[in-house]
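If you check TrEMBL, you get these features:
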- 21-94: domain 'Cation-transporting P-type ATPase N-terminal' (DOMAIN)
- 69-92: transmembrane segment (TRANSMEM)
- 104-123: transmembrane segment (TRANSMEM)
- 270-288: transmembrane segment (TRANSMEM)
- 300-324: transmembrane segment (TRANSMEM)
- 691-708: transmembrane segment (TRANSMEM)
- 752-775: transmembrane segment (TRANSMEM)
- 817-841: transmembrane segment (TRANSMEM)
- 853-871: transmembrane segment (TRANSMEM)
Amino acid sequence: MVWKKKLRSSQYTFNSERVFLVATQPGKSIYSCLQTTKLGLTLREVQERQSIYGRNEVIHEQKKNPFILFVRTFINPFIGVLTGLAIISLFLDVLMAEPGEQEWAGVIIISSMVLFSAILRFWQEWRASEATDSLMKMVKNTCLAKRAGEQEEEIDITELVPGDIVYLAAGDMVPADIRIIDSKDLFISQASLTGESEPIEKFPEVQGQQFRKGSVIELDNICYMGSNVISGAAKGIVFETGNKTYLGTIAKSLVGHRATTAFDKGISKVSFLLIRFMLVMVPFVFFMNGFTKGDWFEAFIFAVSVAVGLTPEMLPMIVTANLSKGAIAMSKKKTIVKNLNAIQNFGAMDILCTDKTGTLTCDKIVLEKYINADGSDDNSKRILRHAYFNSYFQTGLRNLMDKAILSHVRELNLEHLKNAYTKVDEIPFDFTRRRMSVVIEDRQGKRQIITKGAVEEILDVCSYAEFDGEIHPLTDSLKIKAQKISEEMNRQGMRVLAVSQKSFIEKDCNFAIEDEKEMVLIGYLAFLDPPKPSATEAIEQLYVHGVAVKILSGDNDTVVKAIARQVGIDTGHSLTGIEMEEMDETTLKEAVKDTTLFSKLTPLQKTQIISLLQEQGNTVGFLGDGINDAGALRQSDIGISVDSAVDIAKESADIILLEKDLMVLEDGVLEGRKTFGNINKYIKMTASSNFGNMFSVMFASAFLPFLPMMPIHLLIQNLLYDISQTTIPFDRMDPEFLKKPRKWDASDLSRFMIYIGPISSIFDIATYLVMWYVFSCNSPEHQTLFQTGWFVEGLLSQTLIVHMIRTRKIPFIQSRATWPVMGLTFLIMAVGILIPFTAFGRSIGLTALPLGYFPWLIGILLSYCILTQLVKNWYIRKFVRWL
């Protein structure tokens, strides 16, 4: 077969000519061209093609190769600096040294620090990746397909093969490259492929769009994988899957490229601030020691060691470990974190915007009542029948209310009613009209159009109303009565749809929006959509933790207010989509600040509101599950969806909730703030310590006749300090810290360095004076004892500062670190004290300290803690923040 050869020869590249061949095939021959039938593929054919083409998957980021992931852990500026310093140390201490005088210790220690940081970072990333992957397997994207002549069934999109017949409806992600063979008002968004936001209408045949090489994306009857259905419905044949689709051929250029978030920018600024600080101070130390000591080679080695000490090489590991820990904690609560940085954004979030239906409310709506146009009960169930026909015969997206109607009819055993009718046509739902219609025909050939939708939009197309068995003109008074009936049910927290119909239809086919006119209003459907049991408590806890909640709904104002009252959201400030349209930009910006309830919104207005809130400096989350929420989910700083959401909503979200319990939102906020707090601890400890150490080194370099510490001492001290920091991600945060949203502030870090850093210098200099005057270490012959004294004091003060900075309270008394943090920091302090008394200590130029040193050490460390606490209290009063 010629076509099969073409299929196989081009399976690794995207063949534009082949797409043109598929697009230009007449409807009658397209089945044979794609080697399928109107009945679909048989099971045997599916299995054969799956063995040829593989699974319908495109290269993505969820599952990383362990080796590549490990290599990537080395790609960051700090590891780059350390690697450069290791090479310098190798060159100076080994390659240029005389035979027998090579010093491998510096190279080994620096290399160990690089490996230590990289391995820990890799382990944390891999753990988080595994936890996410295990949960992602629970979330399946499916599509409606027809196989072996059976009735349409939902199948996993990864099982699709070329030749499969699939059905598309509003809210679907297009699961493969598809040739349309039948459609009705099908509008596709190709924004993910082209960046073009305007939906494009697709047809079964090419509508005059001329094929041009390189413009296959414009073909009228081809839908590409990764695009999504905005409205309408279609039937099509899969002709490409997986990496051979249009999306698959460009996947390599897409993988790994995501927008830079505020979190990324904050970490990047901090990183390069610390590197710039190191690049300025290290040459200063080099020249000062060179001029004062006269040994330029030794001064250079010392400067290299100082550079190592000033490099916060553990920062990437600390960041990754904290984010991974948060993701793993959330995974245990059945929450998928698709983007690790979303954890920190959760903690920074100060406004949560949420859709109402299916998010705040239960995802199972119940049809509570159906009433006539005059407000009386519909005992004949005529309205229910018409609503059932509308919901059953439509092929678009069946929302929760359609499902409630179908379920209610099933409970009443009235499903047989549909057998008396056949479908002629339909006019799909869209968010502008907010209604949808079906045209059906009975066995006598009589046709009628049935329209169901929002009350106001149905009244717009009705000229008559039917009640008491008679048809009456729809007067203004009847319209007012209709609105009152709707509002009364809305106040009871029920959602209302109106149903209309028109008989004696002469038209044969191609029904359009223009046919929705002169309809007869026959009645209303009322649905009970109760809030989720956890909604009220979840919103209350968000308020307690400084997160404002706003409802952004397409529903009417009365229903939104009713639900808001039930879940504890202020209903005093509300705004409708129509009112928004009448406002100028300045007025609207002011209005969104205080408004808590937005109703009758279009999808674009939801996105606009989030954008305006972000412009005002807020970190905005959005919780949604519908096709009309996709844009808002993408625009928000953290998009949250649920497992039952439509495909495009789950694809757009950063986080997916697998459970119905909304209390996980509070858990996410707290995990995010813990993540921010623990990362910030390390950054502030490192920055202030480095800043203080520079003053200490400069003072010693200027006044001492020898180096204050040997290069190897600095390297070992830094390695031990790094080890002590590895438990920071497992520390707790004070409850007071968790009460408010937390965001990055570079100016706060600079201020913190300036005020807190020099405190350690005071006690380093005090140690110099004690060693110089008390222990007479005032000549090169006694430099070993001097260096040992500063080695121990420097390590202990650096390690002890963890407990001083981790809380705004009095450490050990009002706030204690977790046992891993306390255990490891005190273990490292003990190791630091013992090293000078060991053979290893003697081999690196340290010496045993006299017992008289330790009372001075205790006094210096206690004084350091007391002064730090006093400065901390003053700093908090002055700047009203600590971490």
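Using N, Cα and C of the backbone, Cβ positions are placed for all residues, glycine too.
What you see is a predicted model, and the numbers here were worked out from it, not measured in a lab.
Scored on C-beta pairs under 8 angstroms, the neighbour of the transmembrane segment (853-871) with the top count among 104-123, 270-288, 300-324, 752-775, 817-841 is 752-775.
Outside the transmembrane segment (270-288) by six or more residues, the chain places 76-78, 81, 299-300, 302-303, 306-307, 310-312, 315, 683, 686-687, 690-691, 694, 697-698, 701-702, 744, 746, 749-750 with a CB less than 8 A from a CB of the stretch. Only residues 6 or more beyond the boundaries of the transmembrane segment (691-708), in the same chain, are considered here, and those with a CB under 8 A from a CB of the stretch are 277, 281, 284-285, 288-289, 292-293, 298, 302, 306, 309-310, 753-754, 756-761, 764-765, 768, 779-780, 783, 786-787, 790, 794. Counting residues 6+ beyond its ends, the transmembrane segment (300-324) has Cβ neighbours under 8 Å at 73, 76, 78-79, 81-82, 85, 88-89, 92-93, 106, 110, 113-114, 117-118, 120-121, 124-125, 127-128, 267, 270-271, 274-275, 277-278, 281-283, 285-286, 289-290, 340-341, 343-344, 674-675, 678-679, 682-683, 686-687, 690, 693-694, 697, 707, 710-712, 714-715, 717-718, 722, 725-726, 728-729 in the same chain. According to DSSP, the domain 'Cation-transporting P-type ATPase N-terminal' (21-94) comprises 44 helix, 1 strand, 29 coil.
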